[in-house]
Amino acid sequence: MTEKVAVLLGGTSAEREVSLLSGQAVLAGLKEAGINAHAVDTRDVSVTTLKEEGFTKIFIALHGRGGEDGTLQGVLEFLGLPYTGSGVMASALTMDKLRTKQVWQAVGLPVSPYVALDRRQYSEMAANALLATFTHLGLPLIVKPSREGSSVGMSKVNTLSELPAALEEAFRHDDDILVEKWLSGPEYTVAILGDEVLPSIRIQPAGTFYDYEAKYLSDDTQYFCPSGLSDEKEQELAGLAMAAYRAVGCSGWGRVDFMLDSDGAFYLLEVNTSPGMTSHSLVPMAAHQRGLTFSQLVVKILELAG
């Protein structure tokens, strides 16, 4: 049977616009390699029709809910269609930053100090009790929804007076949020392709932190690959990335994000099971450092589909 690939893009999540860019880039890369690939916007087309439309393999270029959270993966499993990236369990787990942190803590991997808060707790706690909950974390803080990507709903809190607005913003996007200690060092990201760890990238945003604008819109964000780490630190980071990736059951490809704190220690932030593939994206940058063109990268990811 001739292979016919659906590149799933767009969707309905808060990361729709990024996904459209990722998907079109992936589509162009696959076509450059001579693969019979077609764009499918899951906002407009039901994925349950993919098999009857003759598609034999699925490249997931969706980000966020409905594409990266295990629900789509479950449908594709039911249809018997091979797809790129992690399976149902790992996709669902890593979409939830809190549960991911809990797994990493259980196996002894380093995560930044945090407090988890749900909407019910927030509504029932008095203001002074709420503030007391976070005092041991110190200032500044970073507040984020547990189940959003691309830094959607995330805020930095420099003074306690800024905390209520940051909590409200995070709760606009999720019923569970995380309040974390602010880590002062640079951010690093490590891409994984099959069983191979790609070179790390150091991220230097022009603004306060690596938010949505810095990730996708700003030309002022700087990326360093090679990252400038010593060989010893690079090996340490690669080992941590693979351990974190495997602990939550990921497969195929993905990207693990870290912060290096002022104490010289790496702390895990999250795993992306369907990383961005735009002109600003990091996995293509790391793959290029390893000698892979964009087209070769997307073909390799497709070959890893299961």
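Glycine is treated like the rest: Cβ placed from N, Cα and C.
Listed in sequence order, the residues of the same chain lying 6 or more apart from GLU148 (ATP binding site) and placing their CB within less than 8 Å of its CB are ALA14, GLY64, ARG65, MET154, HIS173, ASP174. Feature annotation from Swiss-Prot assigns ATP binding site to 134-189.
Under a cutoff of 8 A between CB atoms, and with a sequence separation of 6+ in the same chain, the neighbours of ASP257 (Mg(2+) 1 binding site) are GLU187, TYR188, THR189, LEU268, LEU269, GLU270, VAL271, ASN272. Taken from Swiss-Prot, the feature Mg(2+) 1 binding site covers ASP257, GLU270.
DSSP assigns ASN272 (Mg(2+) 2 binding site) to a strand. For ASN272 (Mg(2+) 2 binding site), the number of other Cβ atoms no farther than 10 Å from its own Cβ, over all displayed protein chains, is 24. Positions annotated as Mg(2+) 2 binding site by Swiss-Prot: GLU270, ASN272.
Mean per-residue pLDDT, taken over the domain 'ATP-grasp' (101-303), amounts to 91. Among the features that Swiss-Prot reports, domain 'ATP-grasp' is placed at 101-303, with the record citing sequence analysis.
All chains included, 22 other C-beta atoms sit within 10 angstroms of the C-beta of LEU183 (ATP binding site). According to DSSP, SER155 (ATP binding site) is assigned to a strand segment. Most Cβ neighbours within 10 Å among the binding-site residues GLU162, GLU169, ASP176, GLU270: this distinction goes to GLU270.
With every protein chain in view, the residue among the binding-site residues LEU141, SER155 whose Cβ has the most Cβ partners within 10 Å turns out to be LEU141.
Sequence-distant contacts of PHE134 (ATP binding site), defined by Cβ-Cβ distance under 8 angstroms and a gap of at least six in the same chain, are VAL115, LEU141, LEU163, VAL179.
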